[in-house]
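Colleague: Below you'll find the structure I mean.
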Amino acid sequence: MAGCCAVLGAFLFEYDTPRIVLIRSRKVGLMNRTVQLLILVYVIGWVFVWEKGYQETDSVVSSVTAKAKGVTMTNTSKLGLRIWDVADYVIPAQEENSVFIMTNMIITMNQTQGLCPEIPDETTVCETDANCTAGSAGTHSSGVATGRCVSFNGTLKTCEVAAWCPVESDSELPKPAFLKAAENFTLLIKNNIWYPKFNFSKRNILPNITTAYLKTCIYDAKTDPFCPIFRLGTIVESAGHSFQDIAIEGGIMGIQIKWDCNLDRAASLCLPRYSFRRLDTRDVDHNVSPGYNFRFAKYYSDPNGAERRTLIKAYGIRFDIIVFGKAGKFDIIPTMINIGSGLALLGVATVLCDVIVLYCMKKRYYYREKKYKYVEDYEQGLGNQMDQ
């Protein structure tokens, strides 16, 4: 109890104040100046020069539109001679910050609602009606089972389904890609940015770009780095992939637009930087359900008024346009905050030197005696003398 009271009394009734002690030591002096120099290099080099700690910053607000162009022709036994333009291979016509280009497909023509045999697999092959469950509709089935086992071809029977007939068979994917010429299609990207804190706005079609230039330029990282028109093959190849390989099964590519603007400099120096990468990176060791695809149908009526459709399983490349960046401009508040933080960090040198001098050096006890001095209460001592 007495010990606790002594500690409490010392906490309440004692006061300590810094004492300046000049220590003439080459080691300690050199270490002190070295630490101070490192702190100054950090504050000036990293905080102010590299990180621009004297600036107020703002994140970009962006809007993007994209327009594809290109025409190609195919000649197949199923479709015959056919021209493909933007309205055929861009699905849907507009998306938010992205565009899908169909490069391959499996087409099932003249489907009508009726009864037909299911595509053979381990769950649909049958020998008798007993092998088929009426009313069942699995997640991978083409329709609702009728419970009958019917002939699929001369040697094989499958369960019958009520579905859009004939049912789709997607076991064989066209190779090379059906629209392999899409490699030479182009994509015009219009990007408008705004930094609300500084009321600064700009677009990626720069002021010096003319209508004539826009009709002829194609983006090239070296010769035309600010042309907003991109060849699809160049986008994929810049990300380190083969366009023809991705075109078969589909994939997702990212078009990254980076805006880092120093608004203390001329506005003309605030420029977009483009980079490309594949977003659905394929793992060679785990290649289950690769690529990108979806289905859609085109409906029509035959001369007899019966509803029919053409089912298309579309494979292609979705180009996601990702805009990011920040802007900075001089402001006195972050400048003063970082200067104050830097001055406070200089105290680290003193603390480190004190620890070494008082606890690590051979003459630490001698330095402690010089560092600390204990003084009794002067008024209390004077009162005791007067009492005597």
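Just so you know, glycine gets a Cβ as well, placed from its N, Cα and C.
Curation does not apply to TrEMBL; its annotations are automatic.
Here's the feature list from TrEMBL:
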type	residues	note
BINDING	Lys67, Ala68, Lys69, Thr186, Asn293, Phe294, Arg295, Lys313	ATP binding site
DISULFID	Cys116-Cys165	disulfide bond
DISULFID	Cys126-Cys149	disulfide bond
DISULFID	Cys132-Cys159	disulfide bond
DISULFID	Cys217-Cys227	disulfide bond
DISULFID	Cys261-Cys270	disulfide bond
CARBOHYD	Asn184	N-linked glycosylation site
TRANSMEM	30-50	transmembrane segment
TRANSMEM	339-361	transmembrane segment
Colleague: Could you tell me which of these disulfide-bonded residues, Cys116, Cys126, Cys159, Cys217, Cys227, has the greatest number of Cβ atoms within 10 Å of its own Cβ?
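Modeller: Most Cβ neighbours within 10 Å: Cys159.
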Colleague: What is the number of other Cβ atoms found within 10 Å of the Cβ of Lys313 (ATP binding site)?
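Modeller: Step by step: centre on the Cβ of Lys313 (ATP binding site), count other Cβ atoms within 10 Å, giving 16.
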Colleague: Please tell me which one of the disulfide-bonded residues listed here (Cys116, Cys132, Cys149, Cys270) sits closest to Asn293 (ATP binding site), measuring Cα to Cα?
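Modeller: Looking at Cα distances from Asn293 (ATP binding site), the smallest one goes to Cys116.
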Colleague: Fill in the CA-CA distance, Cys217 (disulfide bond) to Thr186 (ATP binding site), as an integer in Å.
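Modeller: The separation of the Cα atoms works out to 11 Å.
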Colleague: What whole-number Å value do you get for the CA-CA distance of Cys132 (disulfide bond) and Asn184 (N-linked glycosylation site)?
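Modeller: Their Cα atoms are separated by 49 Å.
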Colleague: Drop a 10 Å sphere on every Cβ of the disulfide-bonded residues Cys132, Cys165 and tell me which sphere holds the fewest other Cβ atoms.
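Modeller: Taking Cys132, Cys165 as the disulfide-bonded residues, the minimal 10 Å Cβ count falls on Cys165.
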Colleague: Taking 10 A as the limit, how many CB atoms besides its own sit near the CB of Cys149 (disulfide bond)?
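Modeller: There are 20 such Cβ atoms around Cys149 (disulfide bond).
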Colleague: Pop the Cα-Cα gap between Lys69 (ATP binding site) and Cys270 (disulfide bond) into the table, whole Å please.
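Modeller: The Cα atom of Cys270 (disulfide bond) is 28 Å away from the Cα atom of Lys69 (ATP binding site).
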Colleague: Only counting partners 6 or more residues apart, tell me which same-chain residues put their Cβ under 8 Å from the Cβ of Phe294 (ATP binding site).
Modeller: Lys313, Ala314
Colleague: Below 8 Å Cβ to Cβ and six or more residues apart, same chain only. Which residues does that give for Thr186 (ATP binding site)?
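Modeller: The answer is Ala68, Lys69, Gly70, Ile218, Ile229, Phe230, Arg231, Leu232.
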Colleague: For each of the recorded positions (Ala68, Cys261, Cys270), count the other CB atoms lying within 10 A of its CB, then report the residue with the highest count.
Modeller: Cys261
